[in-house]
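All remarks here apply to the structure that follows.
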Amino acid sequence: MENLRQTDQVIRGWLKEIRKDVLGELHDPLSVAEKSSRKDLVTNVDKANEKKIIKYIRELDPEAKILGEEGQGDRVTDMQGHVWIIDPLDGTLNFVKQRDNFAVMIALYIDGTGVLGYIMDVMRDIIYGGGPQLGVFNQSGQLPKPANISLKDGLLGVSGPMLIHDKYHLQAIDEASSGVRIIGSAGIEFIQVLTGKQNGYISHLMPWDFAAGKILAETLDLSVTKVDGTPVDMLSSNDVLVSTRDTHKDILNMIR
Ligand code: IPD
Ligand code: CA
Ligand code: CA
Ligand code: CA
């Protein structure tokens, strides 16, 4: 692999190609299949994106391990060496129902440390990417660290099912915020937090849902942990809390 800044440009190039592919499919009938339920879908576009991203990664970084949601990568059991974690289409239900509010996410971890992360908001044509050594950039420039606002002063993103089931007394936590937002794409929710439009996001997520967002959020001095405040596990599902540091403290105080 070349140096990080060159790799950053290469990955942004992949994402632009993927975006062209997705836009090309936008008005064609989708092939949609149910996975675990009627709310858990996969389309031909999810699979095609994953196949193409894996091909790109294999060309760039042949020795690496690849964890992808749709299973065309490797069976990854540890975080040693180069591990790429990809969500080829995040917010599939939004993609199917809205043709909006979906993302493509790519992350590179080396020996367990997040090095590069990318979230592309496909319909708004914005790629948020970078990492601890580069900073976080989109096409307009470098993102500043979001203001460290408290729970009561911001909008909190949540997952619909967690709110409905009142997990962690989420309804009281939401009541304590300025308001609740439910977008339905972990990637787009992470973007809201990275850009300071929401002070946090809480959801039950798989590694590909948060791998890129975690790298970008931590680079911007945001907190990313499990909802109980312990470190997230990169190889299993987690109830994830990403937020400003003060909102993190406020939420943990309400949960404990
Ligand atoms: C889903 C979305 C959704 C989140 C789910 C994820 P997918 O990703 O990010 O917002 O609540 O947990 O599975 O399956 O559309 O890539
Ligand atoms: Ca899925
Ligand atoms: Ca996802
Ligand atoms: Ca997905």
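Residue numbering: from 1, along the chain as shown.
Each Cβ is built from the backbone N, Cα and C atoms, and glycine gets one as well.
Unlike curated entries, TrEMBL annotations are predicted automatically.
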According to TrEMBL, E69, D87, L89 bind Mg(2+) 1; so which of D174, D209, D221 is the extra one listed there?
D209
According to DSSP, does E69 (Mg(2+) 1 binding site) sit in a helix, a strand, or coil?
coil
Within a 10 Å radius of its Cβ, which of these binding-site residues (D87, D90) has the fewest neighbouring Cβ atoms?
D90
In the same chain, outside E69, D87, L89, D209, whose C-beta lies within 8 angstroms of the Cβ mean position for the Mg(2+) 1 site?
D46, I86, P88, D90, T92, M105, A186, G187, M206, W208
